[in-house]
Amino acid sequence: MARTTPISRYRNIGIVAHVDAGKTTTTERVLFYTGKSHKMGEVHDGAATTDWMVQEQERGITITSAAITAFWKGSEKQYPHEHRFNVIDTPGHVDFTIEVERSLRVLDGAVVVFCGTSGVEPQSETVWRQANKYGVPRLVYVNKMDRAGANFLRVIGQIKQRLGHTPVPIQLAIGSEDNFQGQIDLINMQAVYWNDSDKGMVPVRKEIPADMLELAEEWRNNMVEAAAEASEELMNKYLEGEELSIAEIKAALRQRTIAGEIVLAVCGSSFKNKGVPLVLDAVIDFLPAPTDIPAIKGSNPDNEEEEMERHASDDEPFAALAFKIATDPFVGTLTFVRVYSGVLNSGDGVINSVKGKKERVGRMVQMHANAREEIKEVRAGDIAALIGMKDVTTGETLCNADKPIILVRMDFPEPVISVAVEPKTKDDQEKMGIALGKLAQEDPSFRVKTDEETGQTIISGMGELHLDILVDRMRREFNVEANIGKPQVSYRERITKNCEIEGKFVRQSGGRGQFGHCWIRFAPADEGQEGLQFLNEVVGGVVPKEYIPAIQKGIEEQMKNGVVAGYPLIGLKATVFDGSYHDVDSNEMAFKVAASMATKQLAQKGGGELLEPIMAVEVVTPEDYMGDVMGDLNRRRGMIQGMEDTVSGKVIRAEVPLGEMFGYATDVRSMSQGRASYSMEFKKYDTAPSHIVESVTKKQG
């Protein structure tokens, strides 16, 4: 089938916000306006849609849709052709930063929603940081302009001051709170109002109110100046006092937004139906198509050193990234993918290049606001759900088997908290295994393992809330009742000294013996290296090349078991530089054991130390309770990093060891009569004090 929407008219966007900015309402309005203006069941890039089946409505199934496809021709039908939006859903809670990260990884642009009253809140900063990390161009939408205390320009000031970005308003608010009526469109210098009769579908353009003209001219000048900075040519034109045309202003603002130099800002009230169609227009005008951003990078599965890339084109080999796995009771596992290049037809074979496993694509579906559409093919720039994938985890690449590539992996943080789970009945035992397996496949920051000594099932995640929700999902979705143990901290270990250690494993008693012998130089790894940095400096073949990987494996396996108290060893540099071998008795196993024996000696010779996870904690509290909250954080070995005033109270930032934060949610509520709230995320590992080391080593026996 031929492509019906050219890739230049695609917009893969996310609507991103923290908990209370009004993201859900905004997303609903986006679907309402796009669904209204585009008759479902007309021609798509695929087949006609089938409405939800009756049993689905009766059974009340809702598939957690990771992405919804919608179409838009403009609030005043000003674009000659429809643009295709893929709106990717992102959660707002900070315990799910991993969810936000994986959405941002496959987005080309984002609309960041702020509340007109509370403005930039601590959690907005987390989301903003993540968008910076993935270089996502964004627009700012200041919502809830009808709320008491709403002030568009104050929020613009906060974005500049707290987020360190240059916001450029392309609108101003007309009125605020109960009197919020609409926007001033600074590009066209018109006032825009909305009718209740069509639920704010079509903007009504009028002249700018006389009392706002001066302010509008001032902000338009700021905007034009920001546009002129896009090129020397425009700057000269601007400085010489020539008018920039509307087309020039738009093109320049688009260029600077995509380059990440500025963020354009608009305002409105999603709930009162005032402004969302203009947000959609701004997405088309200023956010990138897949072809506007650099080609995606990857590596050759056979040689990880070799860099490769894929351009957003149907003519390149097929490559897609699985960014979310969801379980549906009727069709099984849905694997949501973002296609970066090439074409895939249902029934095609692909390879999961990370695992080296072949997969066959059964059916493919796309989600719309009110229908699920089965499609026969996906092309570069598309987002769809594949049915029938056997063994694909979030973050893995699916690609053409003849031209494999591993797309840049997402970094998933290591879990910082663990609890033991036990099924309540024998019946639950088997179901729990299946449920945990499915949940771990969906969420790479959630791990499941069996403790070899106690036989208990241990689950690990990013915070208490993260694990609570997963246990709750196990009960709701899989009918598994389980008891939860006390939370345990996931410590780490590292060495502090450089040392040279000999590892020798010799068994020569009758028949074929074992002989492995190596000298390894150990040191703390270079800055920023978390795992093992392994170097081979053996010369003259004293240890044959084929045994070097076995030495690396021996070190890695021992690192998992630690050298101080049985916790994983991180940040280790190991250089094998000497050794010897036996013509007959040497083999890979012997060298692996020798390297493992050498690594074990690090406890004595490498100055091994225990590290504890430190969390970045932000507490928002009314001023009356600030003293209590700070005193309590100090008692928990917290280091106060800073404080500031916000509309919602005092924000206290601190770094606190995770081990001291268990049960904090309840404590902070009772300290503040339920008025304080907090968020926390993993920051770093740091040396644990001696009393913690003692109690941990005692526990490990």
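Each Cβ is built from the backbone N, Cα and C atoms, and glycine gets one as well.
Marked as GTP binding site by Swiss-Prot on the basis of sequence analysis: 17-24, 89-93, 143-146. There are 27 other CB atoms within 10 A of the CB of A17 (GTP binding site), with all protein chains counted. In the three-state DSSP classification, A17 (GTP binding site) falls within coil.
Annotation source Swiss-Prot lists domain 'tr-type G' at 8-291.
The secondary structure of K23 (GTP binding site), as reduced to three states from DSSP, is helical.
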